[in-house]
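*Asks:* Quick one: this structure, given as structure tokens, is what I'll be asking you about.
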Amino acid sequence: MANSSSPQTSTAQALRAEILENPFQSSHHAVFHHQEDGERERESNRRGIRGTYLLGIVISICGNVLISISLNIQKYAHVRQSQRGSRPYYTSLMWWCGVLLMGIGELGNFAAYGFAPASLIAPLGCVSVMASAIISVLFLKETVRASDIVGGSLAITGTYLLVTFAPHTTTHITAHLVQYYAMSWHFLLYLFVEVVAFCILLYLYKRRNVKHIVVVMLLVALLASLTVISVKAVSGMITETIKGQLQLIYPIFYVMVVVMVTSCAFQIKFLNQAMKMFDATEVVPINFVFFTASAIVAGIVFYQEFEGLALLNIFMFLFGCLLSFLGVFLIARNRPKIKQQDRNFIAMDRIPGRRHTDKVQPEEKTQTYGSLAAKLMCNRAGQADDS
């Protein structure tokens, strides 16, 4: 308190001394200069906050573009390896380059949470979907569909509304502030509701064998809300440590690291299960919508990011989210799949003596399956056809 009040005391003393030196002159001139200095200081603070806010947006957009590039590089590596059919995909140098770019992009998203609100960084994930669609058309020679153009336009419009009407205030995340937020009653109530909902969904998924895509993606979204809270806390405390205020000595930092790693691991587990059971054109848009909604709610409840925000800003922000959701749905809908040759079938045109282009599957239950006798039978059948 003493340090915070000393500038005000010195300013008041300087103002009093100026008035005493000029007792017959009106003090309005000195008061005006005092107010002008205060306005100048507030303006510089606003510029600093806006600069930090814009830095977080730029880092997030660059990170999402890198992620989209990495996904397309990995996709191209998969296609090339499947065509060659010689070595597994993880032996390809190109595939590892894609993994490296994805790591850099995710690191950029992680850093962006330390500079901008979580309710803004999460919806910017639509940039990755848009960039991925553009790269697929340019480099993988996929066809441009009308839904891609409409979806891209909606996603760009939604992104503009998100950036324009999102909360522009950034809070310096310190260990004491995270502890204060974690012990607030509204977050404890939110955590209780989330744990109950997660247990019910997990019971339906594991015990009742309810394999609906909404159930699986809700499990991912509930874990994602904890991931967003912990990622922003860890990123913010690391940012403050780099600025000179050491935050790594507090236990809450390591608690958040454990929450971040654990929630990410189980989130990836359920997401992989969803990718195995359902098509990517269903998983990608639903995951984006649920993840973004959970991140926004987590930012509002834990970090109180919408506090003091005008009603018009809230409405336009949510409208921007809706446009982004529709855009991602249209872009991801009915995407062309990678065509891979099914190795369980033998092409007849590759067997000597056969002119057919059909595919036949050997009978697994016969005694000659996979033996030399089966190959001799094929050759004899080919000679009979030629004769």
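The backbone N, Cα and C atoms fix where each Cβ goes, glycine too.
Model, not experiment: these values are computed from the prediction.
So TrEMBL lists the following for this protein:
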- 53-73: transmembrane segment (TRANSMEM)
- 93-115: transmembrane segment (TRANSMEM)
- 121-140: transmembrane segment (TRANSMEM)
- 149-167: transmembrane segment (TRANSMEM)
- 187-205: transmembrane segment (TRANSMEM)
- 212-231: transmembrane segment (TRANSMEM)
- 251-271: transmembrane segment (TRANSMEM)
- 283-303: transmembrane segment (TRANSMEM)
- 309-332: transmembrane segment (TRANSMEM)
*Asks:* Does the structure show the transmembrane segment (53-73) and the transmembrane segment (309-332) touching, where I'm treating 3 or more Cβ pairs under 8 angstroms (sequence separation 6 or more) as a contact?
*Replies:* no
*Asks:* So are the transmembrane segment (283-303) and the transmembrane segment (121-140) touching or not, going by 3+ C-beta pairs under 8 A with a sequence gap of 6 or more?
*Replies:* yes
*Asks:* Looking at the stretches 121-140, 212-231, 309-332, which one shares the most CB pairs under 8 Å with the transmembrane segment (149-167)?
*Replies:* 309-332
*Asks:* Using a Cβ distance cut-off of under 8 Å, indicate which of 93-115, 121-140, 212-231 has the most pairs with the transmembrane segment (309-332).
*Replies:* 121-140
*Asks:* In the same chain, which residue numbers or ranges, 6 or more beyond the ends of the transmembrane segment (93-115), come under 8 angstroms Cβ to Cβ?
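*Replies:* 52-53, 55-57, 59-60, 62-67, 69-74, 76-78, 80-81, 121, 170, 173, 228, 231-232, 235-236, 238-239.
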